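What follows is a set of notes on a single structure, which appears directly below.
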């Protein structure tokens, strides 16, 4: 974030700048002391900084180094495979679900004129019912913890005689949750578009499905791209839940390494750094995309729309909000 | 469905434990998140850097890693999170005082993780207040604290409610992870125990557990939707 982050301060004058300098130095020293006494010293006293514990992870000369990183690399690949599969399937299924929900909603509003009265009532009832069912499914799967979804998939599918590799349980569990979230992101994106878009599409004779597919969906994707990318970060983070069903991802490998070398703090620090680097770059990408989009929007001179709930945090922190 | 009725006390007990951990974690995360948010909007650069680092680290880590740190790192440092045994609190929430520290470990992890998101929600609220408002207040001669109290914070609070709510909902769902980390008796762990160890039929147990979580998450979500709609109109 740049210097002027807040609405609370003026641009500092000379006196304010001096005060800032002095307090910065004071606070900086206090923070360094705190870091030494609260983090470095306890770690050192417990011998957690010894090369014996760190060596296998950071010293290429160590006898265990190559083996440890072989395993970690394998785990990280496994994580990426699970993440890629889940992302792909939840994007595809989420898009389909969003289209389905939009179609059912508009169907439920239709009067079905031109048909005989009982038939039109039947059709209206049916489409309302279907719309309600999809709504309930979305709410249920959105309200359940992902851990439980994965756990239920891994425990439940074998009961029906369907058994896969643990990878697929993880992917299915993650997909169920994330496709619902992505569907909601896209749906709110489509509903946030100006009404004239759909009306214009109808006026040139496109069917409702064509309107969604050719007019609404592409724009929703564009508007919602930052939210979608943040959701991808979430998927990547959530693959770490594979440990509850013994999927051999990064964390499970880490657990095995710790079992042999008994260095939990060191190994998890390395894992943490790996996750932070990958996810941080992805969120930077999301921010970059958002800035690009914001620029495009300004030139196109379209009115800003209400930020949907899913994108609210991202949008508000990007400094918008002036009505 | 008999499993649900016969083992109602297990479900109710699990619900209660989950509710306790969520309540404590929400309070802790709101306090810590507010502190980090103050760091992030403070005029002192080192404090801002600390706040930013905190948010970057915890937003990009999976909660699982944070839990592992808490559950395996703290014992390696010789701590079992005794500082959470606050005299009055641990008589109210008995699990805080027990000798099996996993409840406290899970609590620490949840608070640390959620605080980063709480901070972002609060900060987004402050940033959503238009600069002109604060400038007008300053030009009227309001001091910094008056400005904050009468002009900025009321509006920031309004803009932050909905994101804060979604953060809390996410936290309730995240708390399920605690059950897989050895917090005995919460809802997620009951599911594991009833189906794996005691061999009850899977589907009724799954339904029971799901209802337990949905009771906590769906009404909150509906409430937030309504709030959001109202705010959208008010804007």
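Including glycine, each Cβ sits where the backbone N, Cα and C put it.
TrEMBL labels come from automatic prediction, so no person has curated them.
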TrEMBL annotation of transmembrane segment - which of the ranges A:265-282, A:283-300, A:301-318 it falls on
A:265-282
Candidate ranges A:1-20, A:21-40 [criterion: TrEMBL lists as transmembrane segment]
A:21-40
Positions whose Cβ lies under 8 angstroms from the transmembrane segment (A:265-282), at least six residues beyond its ends:
43, 48, 53-54, 57-58, 72, 76, 229, 232-233, 236-237, 240, 250-251, 254, 257-258
Using Cβ atoms and a strict cutoff of less than 8 Å, what residues sit near the transmembrane segment (A:121-154) while being 6 or more residues removed from its termini?
97, 100-101, 104-105, 107-108, 110-112, 115, 166, 169-170, 172-174, 176-177, 180-181, 183-184, 238, 241-242, 244-245
